Amino acid sequence: MLRRPRRNRKSSVVRAMVEETTLSPSELIYPVFITEGENKTVEIPSMPGIHRYTVDKLLDEIHTCMELGVRTFALFPQITEELKDSYAKESHNMNGLYIKAIRKIKEQLPDACLMTDVAMDPYSSDGHDGLVKNGQILNDETLEILGRMALAQARAGADIIGPSDMMDGRIGYLRNLLDDEGFINVSIMAYTAKYASAFYGPFRDALESAPKFGDKKTYQMNPANSREALIEADLDFEEGADFLMVKPALLYLDIIKLLNQNFDLPIAAYNVSGEYAMIKAASRNGWLNGEKAMAEALLSIKRAGAKIILTYFAKEYAQLKKNLG
Ligand code: PBG
């Protein structure tokens, strides 16, 4: 045998030398949940280890993560039911929970990079990402609301806007609006290929944001399709996105690879709540090694072509890296 592939696996030194993929905490984005009040952290039952934080507590959490090398945070608000309406007005209330939280974090921790969520669902009495009229999700009318939301976030100090709504034309609409208002340096991470997935369940528990009727199939993509992802990516590229995202991540590694091969923008992937919950549940039952499963899952997403990974494992992964030296 002239070819013995095992020679390149014979010791940890050789294995490290030939290792192709590495992942650093600086490439992770940590999604965090904000709730009203003070001095409270409430664990989300379907997401062990993940909490809703009041803003004061969130500042501590962000500070800890920054020391571990995780420096970008995707913020999601839990809005009380009384503040929800069909127009998601609370989403651009300059004195509302979310906008105040952005201000406060940027004021106290200016080096934290904040990615904000642009979609109606946390604030909508219908629980949909767009405006609902007669059971339909209206596209162009929604853009106006998303625009108000994005501008409020930019004014509060958002570094990256993350439209997660899947309305047509929103990237160009938001880019133009931000530019007209002078926010030329606010980035846009487009949720480019966002699928109508069963794996968002725990996230909807966390925000109490599940749709009140129907599903999201008229705006989120069909899990059966991949070619459509290229159309979405073309549009987002042309409309000025700075990053293209695939969501979920682990079940859509082929889509990550497809976008990475066809576009020169950095590709991000969202390792979603259900993917997190599966690994946590199995590891809590002693059915697999949670740390190893986490590291392997994240590495696989990177290997498929994602430069950036949004993951609830961000802090735990950074902690693990630090402990391993
Ligand atoms: C909605 C939104 C969702 C997630 C992020 N933004 C859920 C949905 O589309 O219903 C899911 C994230 C996760 O599951 O971790 N705008």
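From the backbone N, Cα and C atoms, a Cβ is placed for every residue, glycine too.
Cβ-based neighbour count (10 Å, all protein chains) for LYS194 (active site, schiff-base intermediate with substrate) stands at 27. Among the features that TrEMBL reports, active site, schiff-base intermediate with substrate is placed at LYS194 (among others).
The Cβ of GLU232 (Mg(2+) binding site) lies under 8 Å from the Cβ of THR192, ALA193, MET221, each of which sits 6+ residues away along the same chain. Feature annotation from TrEMBL assigns Mg(2+) binding site to GLU232.
Among the features that TrEMBL reports, active site, schiff-base intermediate with substrate is placed at LYS247 (among others). For LYS247 (active site, schiff-base intermediate with substrate), applying a Cβ distance below 8 Å and a minimum sequence separation of six or more within one chain yields SER164, TYR191, ALA193, LYS194, TYR195, SER197, ALA269, TYR270, VAL272.
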DSSP-derived class (H/G/I helix, E/B strand, else coil) of GLU232 (Mg(2+) binding site): helix
